[in-house]
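K.L.:
One structure is given below, represented as structure tokens, and several questions about it will come after.
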Amino acid sequence: MHEHLFPFFLVLVPLLGIVAQWLAWRLQVPSILLLLGLGLCLGIWISPDQILSDLAGTEDNFGPKLLFPIVSLSVAVILFEGGLTLRWNQLGDSANIVFRLITVSSVITWVCTAVMSKYMLGFSWQLAWLLGAILMVTGPTVVGPLLRQIRPNRRVSSILQWEGILIDPVGAVAAVLVFEVVGHAGHVTFFDISSIVVETLAIGIIIGCLAAVLLVLALRHYWVPDFLHGVFFLVVALASFWVSNWMQEEAGLVTVTILGICLANQNYVSVEHVLEFKEHLRVLLIGCLFIVLGSRLQLSALADIGWVGVPFVLLLVLVVRPLSVYLGTLGTKWPAKERLFVGLIAPRGIVAASVASVFGLKLAALAGGENAVSFDKAALLAPVTFMVILGTVTICGLGATPLARRLGLSDANPQGILFAGASAWVREVALALQKADIRVMLIDTNYAKVTAARMAGLSAKCGNILSEHIQDEQDLAGIGRFFAVTPSDEVNTLAAMEYTHVFSRESVYQLPSQGKSHGRWQSIPDNRRGRMLFQSDLTHHVLEQMFADGAKVKITLLTDTFDMEAFRAQHGPGAILLGAINSDGRLRIRTTQANLEPVPGDSVVAILPAVAKPVEPNDSNEASTAGLI
């Protein structure tokens, strides 16, 4: 029976993972809540451990022995992808804060969590220290989606992103240290502990750097064809992970993190195409891992924790985390609002879940021997961790956005626009939108245009919109759309393609091509372009000429007595509708693919053509007229 159930399980797990993440996107809730919920429901009918054991026809614990190496490799891929997103120039002057968070603050969290585990959950000191090490981590699998949802300012986003990735190997190494102490019944010296730490870091850093050099050389000298880049990077990362772990347990997580950071910050070869491949793989792996690990968790195990689990989670989120962040960053010039926000954001993710599951299995193997930890309490390690994951994700997922808005770190309605281009007509449109309380930012390579924009009171920067340096430096808090509106069709198309990685595809727009009549427009596929702004004949040249002739941008409030029909009657067919702002401040953009019909209560954003001035009669005109009569 299980030989047929196994293929079904292999298909069902990724299907449920993708469905859960799609539903989370539609409902605007943290995906982990749905993933773990579906995993728990799946575990009622199907046990992955039993399926694997029955399939192999071996002992009952063969399933976990086969499953957890796969889980470890998947976590390595996730951390490698996370490392690829970390750039030094994004960190800026916050490096000291991140360093303190992953050292001083993490130690404070470790100690406080261990004490709480001892006196609230009744764990032995050995198990309490192990749980404290596991719950040190936050993780990119939860922090990343939260940041995309909240869009806080650049410094807060960078700090949380760097901490979430770097703290994972730190927590894993700490867990290894505790397990060594537990496994040797406390007969471990300070020298032994120091040796483990030094060896783990040294092996991880050296192999990570060597692997990065290998990959850079392979791409720079064209040893690997383009179509193999993504798979080649993946294989090298997994091989480096295995070699490091073979030399020193859990050094592999350090290796893949260092490998990703090194590749992200070198300037010899581009890794953007590899990052896109890894992002898709990460989404699949996160869904599968949470479904599988959740299905291994028994509801009865959560019930065994009791109601004491609720205050345990609340203390972790509302006391331990803020206290550790405050004490760890004491003496820095970090703004109090940002410190408070970061101090309340520490959701646990897949790394904590996988590490807890692995060490729970290892502790179970120690039970009954001379150095045993009570099996009953060791069996609670994974359930407590999953309970903390559910609790922290729920609290942070539901409370982070209102908190960020309350503290002024995030826009409640991110309707702002990033303009690629700062021509005269772009400045007019941006000024009108800014007066309607919509944030705008302009980027152009022409310093004169940028200066004119700044003189008009607009936020503008001189630079190439395609430059990674420009992309990394921008604070996109409150910005939710991208307009490619330069005079060059090619630049607009390239910029639209590039910024689909920053904004969603539905939020990237560009002007219609000026070369449509020559056939160039049809040669560009739809998936390579942004959404077409306004109307098909409204090119950059046409707009530039209209504003040179005196056209203006006007925002008009529609009412029951002055609707869109009355607006058209008053301003004539020459008025061009650009968009409409709802009563709640939400901006809708007119595109060539979707017609826009504003209703009473909307504020219409439109271009009004210049009004021809009547000719003043003079003697020559009168003479000319008289002659004609």
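The count begins at 1 with the first shown residue.
Each Cβ is built from the backbone N, Cα and C atoms, and glycine gets one as well.
Sharing the feature lines straight out of TrEMBL:
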- 19-405: domain 'Cation/H+ exchanger transmembrane' (DOMAIN)
- 420-500: domain 'RCK N-terminal' (DOMAIN)
- 6-24: transmembrane segment (TRANSMEM)
- 29-46: transmembrane segment (TRANSMEM)
- 66-86: transmembrane segment (TRANSMEM)
- 98-121: transmembrane segment (TRANSMEM)
- 127-147: transmembrane segment (TRANSMEM)
- 159-181: transmembrane segment (TRANSMEM)
- 201-220: transmembrane segment (TRANSMEM)
- 227-245: transmembrane segment (TRANSMEM)
- 251-269: transmembrane segment (TRANSMEM)
- 281-299: transmembrane segment (TRANSMEM)
- 305-328: transmembrane segment (TRANSMEM)
- 380-400: transmembrane segment (TRANSMEM)
K.L.:
Mind checking which residues of the chain, 6+ beyond the ends of the transmembrane segment (159-181), have their Cβ under 8 Å from one of its Cβ atoms?
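P.N.:
Beyond its ends, the transmembrane segment (159-181) has Cβ neighbours at 79, 82-83, 85-86, 90-91, 94, 97-98, 101-102, 106, 110, 126, 129-130, 133-140, 142-144, 146-147, 188, 192-193, 196-197, 200-201, 204, 249-250, 253-254, 257, 338, 342, 345, 351-352, 355, 359, 362-363.
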K.L.:
With a Cβ cut-off under 8 Å, give me the same-chain residues at least six positions beyond the ends of the transmembrane segment (66-86) that come close to it.
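P.N.:
Distant contacts of the transmembrane segment (66-86): 48-49, 52, 56, 140-141, 144, 161-162, 164-165, 168-169, 234, 237-238, 241, 245, 252-253, 256-261, 263-265, 271, 274-275, 278-279, 281-282, 285-286, 288-289, 292-293, 350-351, 354, 357-358, 361.
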K.L.:
Restricting attention to the domain 'RCK N-terminal' (420-500), give the mean pLDDT.
P.N.:
82
K.L.:
Return yes if the transmembrane segment (305-328) and the transmembrane segment (281-299) have at least 3 CB pairs under 8 Å (sequence gap of 6 or more), otherwise no.
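P.N.:
Per Cβ check, the transmembrane segment (305-328) does not touch the transmembrane segment (281-299).
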K.L.:
So if I exclude everything within five residues of the ends of the transmembrane segment (6-24), which remaining residues of that chain have a CB under 8 angstroms from its CBs? That is, six or more out.
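P.N.:
For the transmembrane segment (6-24), the far contacts come to 30-31, 33-35, 37-39, 42, 46, 48, 51-52, 55, 283-284, 286-288, 290-292.
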K.L.:
With a cut-off of 8 Å between Cβ atoms, can you find at least three pairs linking the transmembrane segment (281-299) to the transmembrane segment (29-46)? Only pairs 6 or more residues apart in sequence count.
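P.N.:
The answer is yes, given that the two segments have at least 3 Cβ pairs within the 8 Å cut-off.
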K.L.:
At a C-beta cut-off of under 8 Å, are there same-chain residues at least 6 beyond the transmembrane segment (201-220) that contact it? List them, or none.
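P.N.:
For the transmembrane segment (201-220), the nonlocal Cβ contacts are 169, 173, 229, 232-233, 236-237, 239-240, 243-244, 247-248, 251-259, 262-263, 266, 268-269.
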K.L.:
Check for me, if you would, whether the transmembrane segment (251-269) reaches the transmembrane segment (380-400) - at least 3 Cβ pairs under 8 Å, residues 6 or more apart in sequence.
P.N.:
no
K.L.:
In the domain 'RCK N-terminal' (420-500), how many residues does DSSP put in helix, strand and coil?
P.N.:
38 helix, 15 strand, 28 coil
K.L.:
Select the range from 29-46, 98-121, 227-245, 380-400 that forms the most Cβ-Cβ pairs under 8 Å with the transmembrane segment (127-147).
P.N.:
98-121
K.L.:
What stretch of 98-121, 227-245, 380-400 shows the most Cβ pairs under 8 Å to the transmembrane segment (29-46)?
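P.N.:
Maximum Cβ contact count belongs to 380-400.
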